[in-house]
Amino acid sequence: MVLIRVLANLLILQLSYAQKSSELVIGGDECNINEHPFLVLVYYDDYQCGGTLINEEWVLTAAHCNGENMEIYLGMHSKKVPNKDRRRRVPKEKFFCDSSKTYTKWNKDIMLIRLDRPVRKSAHIAPLSLPSSPPSVGSVCRVMGWGTITSPQVTLPDVPRCANINLLDYEVCRAAYPELPATSRTLCAGILEGGKDSCGGDSGGPLICNGQFQGIVSWGGDPCAQPHEPGLYTNVFDHLDWIKGFIAGNTDVTCPP
């Protein structure tokens, strides 16, 4: 069984201005409060995703995180303890690979969000640069988010978790998930022996390999973190022209085939 890494109706998030559901990474440790100034929480209806701030006005996340009543929280660490840098934004515009907003588990699971207002850099808000080179199999990658830390049961920590996983050959994921096509614009990442993985609620968050933003959490095995069932991540590098085109105002730009 496979899992789109979104969870719903899990926990009421205690905020001074909203109440939403919440979740975290399997097998990880608590992220350092200073290591994720680019990490955002994306809430819509009763669902949660992650996302990545790529400049003061734009967030990159997964297409399957699209929904109504979307709210985006930046500068957050603890869900229970507010800090002075925390900011709330809503989408001004949302862009997908095509106008029908279609995607599959192995293609076009990417969404670019323009915020209603830019955010200023601070101690806990800063963008993550887009990658300057393609990802390399064997790289050590960092995944992070507020997703469930147990699976299939749900356990919800207060702060984001971070875990190191490996970028694997795409054929490893094809062996685990026979429905995958021969080629895909997704990355395969995880730990072959299991125990560490992104999971429900982490969708849309970043996969950072050798310090570069290479992937977007998309989907994987259910339960999460099982041996020989890595996660799938949208390949950011393959979509650079599309991302940069929209940010520059070129709405005619198209996603790679």
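Each residue, glycine too, has its Cβ placed from N, Cα and C.
The feature signal peptide is assigned by Swiss-Prot to 1-18, with similarity to another entry given as support.
Look at Swiss-Prot and you will find 25-248 tagged as domain 'Peptidase S1'.
Cys31 (disulfide bond) counts 20 other C-beta atoms within 10 Å of its own C-beta, drawing on all protein chains shown. Residues annotated as disulfide bond in Swiss-Prot: Cys31-Cys162 (among others).
Feature annotation from Swiss-Prot assigns disulfide bond to Cys49-Cys65 (among others). Cβ neighbours within 10 Å of Cys65 (disulfide bond), excluding its own Cβ and spanning all shown chains: 28.
Secondary structure from DSSP puts His64 (active site, charge relay system) in a helix. Around His64 (active site, charge relay system), taking its Cβ as the centre, 22 other Cβ atoms fall within 10 Å, counting all chains. Annotated active site, charge relay system per Swiss-Prot: His64 (among others), in sequence order.
The feature disulfide bond is assigned by Swiss-Prot to Cys97-Cys255 (among others), with sequence analysis given as support. Sequence-distant contacts (6 or more apart, same chain, Cβ under 8 Å) of Cys255 (disulfide bond) comprise Cys97, Asp98, Lys108, Ile110, His239, Trp242.
As annotated by Swiss-Prot, active site, charge relay system applies to Asp109 (among others). Neighbours of Asp109 (active site, charge relay system), defined as other CB atoms within 10 A of its CB across all chains, total 27.
According to its DSSP assignment, Cys141 (disulfide bond) is in a strand. What Swiss-Prot records for Cys141-Cys209 (among others) is disulfide bond.
The feature disulfide bond is assigned by Swiss-Prot to Cys173-Cys188 (among others), with sequence analysis given as support. DSSP assigns Cys173 (disulfide bond) to a helix in the three-state reduction.
Taken from Swiss-Prot, the feature disulfide bond applies to Cys199-Cys224 (among others), supported by sequence analysis. Classification of Cys199 (disulfide bond) by DSSP places it in coil, neither helical nor stranded.
Annotation source Swiss-Prot lists active site, charge relay system at Ser203 (among others), citing similarity to another entry.
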Within a 10 Å radius of its Cβ, which of these disulfide-bonded residues (Cys97, Cys173, Cys188, Cys199, Cys209) has the fewest neighbouring Cβ atoms?
Cys97
One should report the C-alpha separation between Asp109 (active site, charge relay system) and Cys49 (disulfide bond), rounded to whole angstrom, as 13
A correct count of other C-beta atoms within 10 Å of the C-beta of Cys141 (disulfide bond) gives 23
Whole-number Å distance separating the Cα atoms of His64 (active site, charge relay system) and Ser203 (active site, charge relay system) is 8
Which residue, out of the recorded positions Cys49, Ser203, Cys224, shows the minimum number of other Cβ atoms inside 10 Å of its Cβ in this structure?
Cys224
